[in-house]
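These come from Swiss-Prot:
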COILED    86-302  coiled coil
REGION    287-367  region 'Disordered'
COMPBIAS  339-349  compositional bias 'Polar residues'
COMPBIAS  398-409  compositional bias 'Low complexity'
REGION    398-450  region 'Disordered'
COMPBIAS  410-427  compositional bias 'Polar residues'
COMPBIAS  502-525  compositional bias 'Polar residues'
REGION    502-527  region 'Disordered'
DOMAIN    537-666  domain 'MPN'
BINDING   H615, H617, D628  Zn(2+) 1 binding site
MOTIF     615-628  motif 'JAMM motif'
BINDING   H630, C672, H678, H680  Zn(2+) 2 binding site
Amino acid sequence: MAAELPFYIASSVEELVKKHVEGVEVDKNYSIFHYLSTCNNLVKQADIYKSEGDIERTYIYSLRFCILIFEKLQKHPDFNKESFTKSRNEIKRKAELKLKELEGLKETLKKGYERIQHKKEEERKRIEREKEKERIFKQEKLKLEREQQLLREEEEQRKREDLELESEIQRLKEVEDFENRKLQAQKNIKRATSARTFELLRQEALLEERKRLQGIETEKKRILAEKQEALEKEFQQQLFEQQEKERLEKERLEKEEQLRLASLPPPPPDYSSFDSDQLLNLIENNNKKLENNNQTDDKLDNEFLLDPSFLPPPPPIITQPSPSQEKKDNNNNNNNKNTTAQLPLSITQPPHMPNNEKKLPPIYNSTSPIQFGYPSLNNSVNNPPSFSLQNNTPLIQQYKQQQQQQPIQSPTNNINRPNIPQYNNYNAKPLSSNLNPLPPQYQPQQQQQYQQQQQQQQYQQQQQYQQQQQQQQQQQQQQQHQLPKLPQYQPIENKSISANGLAQSPAVNTPSITPTTNKPNIDSSEASKKYSKLRKIIVHGEVFQEFMRLAENNTKRSIETCGILSGTLSNDVFRITTIIIPKQEGTTDTCNTIEEHEIFEYQLENDLLTLGWIHTHPTQDCFLSAVDVHTHCSYQYLLQEAIAVVISPMANPNFGIFRLTDPPGLETVQKCKLKSFHPHPPVNGIPIYTKVDHVDLIWGKKSDSKVVDLRFLKK
């Protein structure tokens, strides 16, 4: 037995019994198993505190134990139940031993309290003696202080008289100095008045001169402003006239350009799709036409033979000409100032496809008139090209290959390209030989608006994605602050266990999580502050994994599994060392133990205390249902540190540790007589249960914790 600890709970045996033993009652609604477990807990705690030398707590738990056994528990209707005969006899035997120990403990407590009272009395007398000595010392000190006060008063009186004499002499000197300063001040005032008058006159003269100069300057500014305003009006009039002339000139040029474009001949047919026979027939027909045509060159222009498959050539690719080409262009422009660009018509080079060796088409801009490279009718008609049947087909194929290799420049790829006619389909046929359909025109503003809309949609999607990521991070941080998460549960196949201690198997179809109603905020500060300081409980997390492995068969069938948390007490700290899985009957929402005497007998044989209970929620979240709070009330009523552990493989986090608030949760559930599922609203804003803060959950360290399965124990 350890050394006896000093008494600290009470000052007498009567006070100890009144505060910590009286008020123990038996509730018939709680099973006899809970009371027998409580008796076992009491006697175990009494033995532990006795070994630690805590006589007061040993007496408290021993007296509670004896009162329950010999007075209160015999009134329970199941006390004489046959299945608990062995356990009941063992408890009675321990109660008789504790009853004998109580007399010795009571005498030890009385002697200890008497020693404490004697020490208190001695301390009181010592304090009185100290007070008497202090009183005499204060009287002598006060007398000495009075004598010293009289001496100080006489000295101060003498000093005051000396000070009064010095003060009178000083006053006379000050009067004389005052008269002298008064005379000097009057002289200074007269001198200052004269100087101020002179300064005022000088300032008035300066002010008049300044006003005169300001008037002259103002007049100059006014005249200058009038001249400037007249010049601006004249300049604006000239500018307006010049702009009007430019506008009229621009309109005239635009009309001339429109008339010139309207008079242009239609573009030549596309010879690239013709074979050699078609080209020969076309040339023969054209020659016959020309022989029969005796009109002028202008009429020949209008009556030029059009192929039914005619379409205007594709838009020229805008390229930057080389310096040599620019020089060549300038020479051609000087020779042909009033004509359009001319291209030779030959079988090897279509008119709308310039050769690399030929002159490049001019770069169009928005200010210069638009010109199309049509072939000259005079040259093409008067001097028809000669065709060779032997070389027709290879040349056409070569031309088609060049046309396929030639890159087609899209209008959208060059934002600086002028707004010129564009043709989308080069194989489409015109409605008639004399009517060309208007081609669609490229509109850069629509393209820019479309790109802006796409950018805005992408930006909004990015903002929504970032907000969702921030919300998920905040939820994860809140969950990490609440409780550590058990490794994700998975059902096992053929009892194969993974490296992290939980079972691994193919997925099993499980019902969806049942949505729960609005549960109270069990994490609120009010809920955690409403119960007194509790003794700490230490538990290793690996024992929960082992429990889930053994409960896997029920979990796959969506049936709840329960167990009893058992452990030891040392240095005022509980340690959960064993989870007992008893014989039980379970459904998807409830779990009831049977053959409870086996649990109690195992605890007696292994010196274990009941510290709470554990059960699973295969299809629900981690919380205490109405049935669960009534079940836990029987544990916490008999041991205020008792906890309830809920494991839900489908929740996140997948387990929780709870207890009833005290007050008001424990008292509320005790008074509730309803059965089955029913709501328990918060009381004055405080929920009836909360998460615990007196449990230390340890992971990764080696421990001797275990799970004992009594479900398959033979009778």
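Sequential numbering from 1, following the chain as shown.
Just so it is clear, glycine is given a Cβ too, placed from its N, Cα and C backbone atoms.
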(message) On a C-alpha basis, identify the one among H630, C672, H678, H680 that is nearest to H615 (Zn(2+) 1 binding site); the candidates are the binding-site residues.
(response) H630
(request) Using DSSP, tally how many residues of the domain 'MPN' (537-666) sit in helix, strand and coil. (result) 39 helix, 47 strand, 44 coil
(message) Please report the distance from the Cα of H630 (Zn(2+) 2 binding site) to the Cα of H617 (Zn(2+) 1 binding site), rounded to the nearest angstrom.
(response) 17
(request) For the binding-site residues H615, H617, H630, H678, H680, work out the Cβ neighbour count at 10 Å and name the residue with the minimum. (result) H678
(request) Using the recorded Zn(2+) 1 site (H615, H617, D628) as reference, state which further residues of the same chain have their Cβ within 8 Å of the centre of those residues' Cβ atoms, listed in sequence order. (result) E560, C562, C591, T616, Q620, L624, S625, A644, V646
(request) Mind checking which of D628, C672 has the fewest other CB atoms within 10 A of its CB? They're the binding-site residues. (result) C672
(request) Enumerate the residues of the same chain, H630, C672, H678, H680 excluded, that satisfy the criterion Cβ within 8 A of the mean position of the Cβ atoms of the recorded Zn(2+) 2 site; list them in sequence order. (result) A626, V629, T668, V669, L674, P679
(message) Can you tell me the CA-to-CA distance separating H680 (Zn(2+) 2 binding site) and D628 (Zn(2+) 1 binding site), as a whole number of Å?
(response) 11
(request) Fill in the CA-CA distance, H678 (Zn(2+) 2 binding site) to H617 (Zn(2+) 1 binding site), as an integer in Å. (result) 18
(request) Would you mind reading off the Cα separation of H617 (Zn(2+) 1 binding site) from C672 (Zn(2+) 2 binding site), to the nearest angstrom? (result) 24
